[in-house]
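The structure appears below as structure tokens.
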Amino acid sequence: MHANSSSQHASTKPPLPEQGGQIGYENTTVTKVPGWHGIIAWDALLNGMAMGLFLAAAVSELAAPAVFIGVAKVAYPVALVLLLVDLVLLVLDLGDPLRFHHMLRVFKPSSPMSLGTWCLTIFSLPLTAAAALSVLAKLGWDFERARLLAVVVGLLPGFGAAAYKGVLLSTNAQPGWKDARWLGGYLTNSALLMGCAELLVLSAVMRQTQAIAILRTAFIVLLILNMIPLGLLFANLRTIHAQLYTRGQQWRVGALIAVGALIPLGLILLNGGLLSISVAVIFLLADSWLVRSVYVKIPHTSPLEVRSGE
């Protein structure tokens, strides 16, 4: 019985890499492949959309309340819906609903996972309050000071919740992720960009012309700035890209990412109408999902992982 289980355990091990005629794992990264597939890319996208929309609406409202108060009161409930969907995906990603609860039993500031879990949990409270009070204001019950207090309280944990996922992945031991030092910077700036884009769509739907004019400029600036961490991220992973993908695959993905950035930029520059803004935001979200999908799946494409069940 013991010998049989030992042989089964041995069969799950990958072949030993050869190094100059010798067999061994020295200087070779071998890790167990994560137990998720495409779901984390959607989790990362919705996380950025929810946090980004809240942060964009909060900063805009606090900076220019006369211009943005109306659209902000719509943005907070939308951000809450996005967060709830994201939390469902996060629980599915963890595989066990209780795992999220267990992570809250300990607060460890040095752990990106612990810090991110607490930021996400704390952020959900002021976001829920801001969303609920915004809906009540539409119904005639106005608690403006309490709503603004909830918005201010949500800023810091909201930023932490937007940033933690990239930091978590880049401090992971998985091949590719551990070299992606700019992944946190990209995901954070991308969240702000997506939030600005979402707020721009809501402003266009509500025909808030002054808000549209301001947000178009902010969108263009953030889109251009987003190219900096994305370019640095590509530079971080140039070696791993060459190992995992053919030159043709790299060019095709790079072309899709470039098109996904240039088309929104052109549409926003040329036209501020609802249709142009909506198409631009759709291209931007597709582009953001593509980047996340490529980078979060790197361990699944690595020949150095240990696949369970093989």
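Every residue, even glycine, has its Cβ placed from backbone N, Cα and C.
The compositional bias 'Polar residues' annotation in TrEMBL covers 1-11.
Taken from TrEMBL, the feature region 'Disordered' covers 1-24.
According to TrEMBL, the transmembrane segment annotation covers 39-62 (among others). For the transmembrane segment (39-62), the residues of the chain that approach it from at least six positions outside its boundaries are 68-69, 71-72, 75-76, 78-80, 82-83, 85-86, 89-90, 92-93, 123, 127, 130, 148, 151-152, 154-155, 158-159, 161-162, 165, 187, 190-196, 198-199, 211, 214-215, 285, 288-289, 292-293, 296-297, judged by C-beta separation under 8 angstroms.
Positions annotated as transmembrane segment by TrEMBL: 74-95 (among others).
According to TrEMBL, the transmembrane segment annotation covers 115-136 (among others).
If you look up TrEMBL, you'll see 148-167 (among others) marked as transmembrane segment. Outside the transmembrane segment (148-167) by six or more residues, the chain places 44, 47-48, 51-52, 54-55, 58-59, 61-62, 72, 76, 112-113, 115-116, 119-120, 122-123, 125-127, 129-130, 133, 183-188, 191-192 with a CB less than 8 A from a CB of the stretch.
Taken from TrEMBL, the feature transmembrane segment covers 187-206 (among others).
The feature transmembrane segment is assigned by TrEMBL to 213-235 (among others). Same-chain residues lying 6 or more positions outside the transmembrane segment (213-235) and placing a CB less than 8 Å from one of its CB atoms are 60, 64, 67, 180, 182-183, 185-186, 189-190, 192-193, 196-197, 199-200, 203, 241, 257, 261, 264-265, 268-269, 272, 284, 291, 295.
What TrEMBL lists as transmembrane segment is 255-285 (among others).
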Other than its close neighbours in sequence, what residues sit by the transmembrane segment (255-285), given a CB gap under 8 Å and a spacing of at least six beyond its ends? 45, 49, 193-194, 197-198, 200-201, 204-205, 212-213, 216, 219-220, 223-224, 226-227, 230, 291
